Amino acid sequence: MTPSSVTLNCSNCSHVLAPELNTVKAVVLGMVLGIFILFGVIGNILVILSVVCHRHLQTVTYYFIVNLAVADLLLSSTVLPFSAIFEILDRWVFGRVFCNIWAAVDVLCCTASIMSLCVISVDRYIGVSYPLRYPAIMTKRRALLAVMLLWVLSVIISIGPLFGWKEPAPEDETVCKITEEPGYAIFSAVGSFYLPLAIILAMYCRVYVVAQKESRGLKEGQKIEKSDSEQVILRMHRGNTTVSEDEALRSRTHFALRLLKFSREKKAAKTLGIVVGCFVLCWLPFFLVLPIGSIFPAYRPSDTVFKITFWLGYFNSCINPIIYLCSNQEFKKAFQSLLGVHCLRMTPRAHHHHLSVGQSQTQGHSLTISLDSKGAPCRLSPSSSVALSRTPSSRDSREWRVFSGGPINSGPGPTEAGRAKVAKLCNKSLHRTCCCILRARTPTQDPAPLGDLPTIKIHQLSLSEKGESV
């Protein structure tokens, strides 16, 4: 009996005979897609755990990245396994009802992932354009509202076919595909891709323009600072400080903070720019093929081309963790920490003691330091001074150093401060926080000349009273 006779004899049957399964092809395809899915699940879980387990990554920007990872994880764990089985068997075996649910969840996760990139691009624009005001503009409450709105819009776009906005379902239940009804195809393509893409491109064009302008301004500022002095002095005085000294302090500190903050925002924008570039390359073919095939059936591409563009879009959800790992040193260290089964909530205690420094509520402008290891208080006296200095050979903000020019008084004894390796300096009046490496001096020493002061290497800088790292 030939295949044509099988088709002829079954032309009036309610079910078409299942094609014979190619075992070798199924095994190879299953292994490839299985690795693909496993990589997406593990990679996005690592991204989420990196932020959860590392406090210095718990910022608004990384919360948006976590939301992106959640959307990609849902896609990798709830949609891709059934898509892979569909590809391996070359037919749908889970029934019509589950087919409709699977297609809706597919659109939901993909739309949420794309809109997360849109929100991230807006966040990066604000971070680069207004680096010093960013913590006040992009608060955690506003970030939560943005994430909630993102998911609400994704649900609205994805549930249309569940309420009948689709073409009639085929009689054969082994056929399952996303809706190609022209109206919904255009609506979903515009809402899920083209509108977010327009916002993303507009934001990153603005980021590029602002970054170029800001870089030129900071270079000019660096030249002026260098010709005037290689030091930016931050002094903590009593309440009778003159207005002129305070204004000069604020002006010079503003430049240092602006330089450090902008450098970090620019790096984050570059990393997420790579993410957006990969997103466009992965999703653009599918969102070109889908509406064209729906509106002009004569130009509909073959099933093979459609499947390739479909899985290329899926591939985007699996490569984002790779991008973070390759282009973001903080994520790289966090991944290494997680793979070493070591969840860091704070700075490692093996060779660093973390100190938090806050302004005393009862001692005027003095700063109180408390050691996390033993809680022993240390205090910088009101006459102490701290200086930010850039080495002449430095080319970026990572070469800025901090000098402490005043005595550090320790409660239990001088050895407590001597063992401290990591410190956080806080001054609410200027809204700055520095986490640095400190080479301590004994409390009895007189303030040394500026050139002989101990060096402190900056690890983090924060512009908020709560010490949110930037």
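Yeah, the Cβs are placed from backbone N, Cα and C, and that goes for glycine too.
Keep in mind that what you see is a predicted model, and the values were worked out from it rather than measured.
As annotated by Swiss-Prot, disulfide bond applies to Cys99-Cys176, with the evidence given as sequence analysis. Cβ-based neighbour count (10 Å, all protein chains) for Cys99 (disulfide bond) stands at 20.
The feature region 'Disordered' is assigned by Swiss-Prot to 375-416.
The topological domain 'Extracellular' annotation in Swiss-Prot covers 1-27 (among others).
If you look up Swiss-Prot, you'll see 52-64 (among others) marked as topological domain 'Cytoplasmic'.
Within its own chain, the topological domain 'Extracellular' (89-99) has Cβ neighbours under 8 Å at 18-19, 21, 26, 82, 169, 173-176, counting only residues six or more beyond its boundaries. Per Swiss-Prot, the feature topological domain 'Extracellular' maps to 89-99 (among others); the stated evidence is similarity to another entry.
Taken from Swiss-Prot, the feature topological domain 'Cytoplasmic' applies to 123-143 (among others).
Remote same-chain partners of the topological domain 'Extracellular' (168-181), defined as residues 6 or more beyond its termini with a Cβ less than 8 Å from a stretch Cβ, comprise 14-16, 18, 86, 91-96, 99, 102-103, 106-107, 160-161, 290, 293-294. Annotated topological domain 'Extracellular' per Swiss-Prot: 168-181 (among others), in sequence order.
According to Swiss-Prot, the topological domain 'Cytoplasmic' annotation covers 206-271 (among others).
Within the chain carrying the topological domain 'Extracellular' (296-303), a Cβ under 8 angstroms from the stretch's Cβ atoms is held by residues 289, all 6 or more beyond its ends. Positions annotated as topological domain 'Extracellular' by Swiss-Prot: 296-303 (among others).
For 328-470 (among others), the entry in Swiss-Prot reads topological domain 'Cytoplasmic', with the evidence type similarity to another entry.
Look at Swiss-Prot and you will find 28-51 (among others) tagged as transmembrane segment.
Taken from Swiss-Prot, the feature transmembrane segment covers 65-88 (among others). The list of residues near the transmembrane segment (65-88) in space but at least 6 beyond its ends in sequence, with Cβ under 8 angstroms from a Cβ of it, reads 26, 29-30, 33-34, 36-37, 40-41, 44-45, 47-48, 51-52, 94, 102, 105-106, 109-110, 112-113, 116-117, 119-120, 147, 150, 176, 307, 311, 314, 317-318, 320-321, 324.
Sequence annotations record features per position, and here Swiss-Prot assigns transmembrane segment to 100-122 (among others) based on similarity to another entry.
Beyond the ends of the transmembrane segment (144-167), by six or more residues, the same chain brings 63-64, 67, 100-101, 103-105, 107-108, 111-112, 115-116, 119, 179-181, 183-184, 187-188, 191-192 to within a C-beta distance below 8 angstroms of the stretch. Annotated transmembrane segment per Swiss-Prot: 144-167 (among others), in sequence order, evidence recorded as similarity to another entry.
Long-range Cβ contacts of the transmembrane segment (182-205) within its own chain (Cβ-Cβ under 8 Å, at least 6 residues beyond either end) map to 107, 110-111, 114-115, 117-118, 121-122, 124-125, 153, 157-158, 160-161, 165-166, 269, 273, 276, 279-280, 283-284, 287, 290-291, 294-295. Per Swiss-Prot, the feature transmembrane segment maps to 182-205 (among others).
Residues of the same chain lying 6 or more positions beyond the ends of the transmembrane segment (272-295) and with a Cβ under 8 Å from any Cβ of it are 110, 114, 117, 120-121, 124, 178, 180-182, 185-186, 189, 192-194, 197, 200, 204, 207, 301, 305-306, 308-310, 312-313, 315-316, 319-320, 323-324, 327. Annotation source Swiss-Prot lists transmembrane segment at 272-295 (among others), citing similarity to another entry.
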Under 8 Å by Cβ from Cys176 (disulfide bond), counting only residues of that chain that are 6 or more apart: Phe86, Trp92, Phe94, Arg96, Cys99, Trp102, Ala103
Surrounding residues of the transmembrane segment (304-327) on its own chain - C-beta under 8 Å, 6+ positions past either end: 36, 39-40, 43-44, 46-47, 65, 68-69, 71-72, 75-76, 80, 83, 87, 109-110, 113, 270-271, 274-275, 278-279, 282-283, 285-286, 289, 293, 335
Across the topological domain 'Cytoplasmic' (52-64), average pLDDT on the 0 to 100 scale: 88
Composition by DSSP (helix, strand, coil) of residues within the topological domain 'Extracellular' (168-181): 0 helix, 0 strand, 14 coil
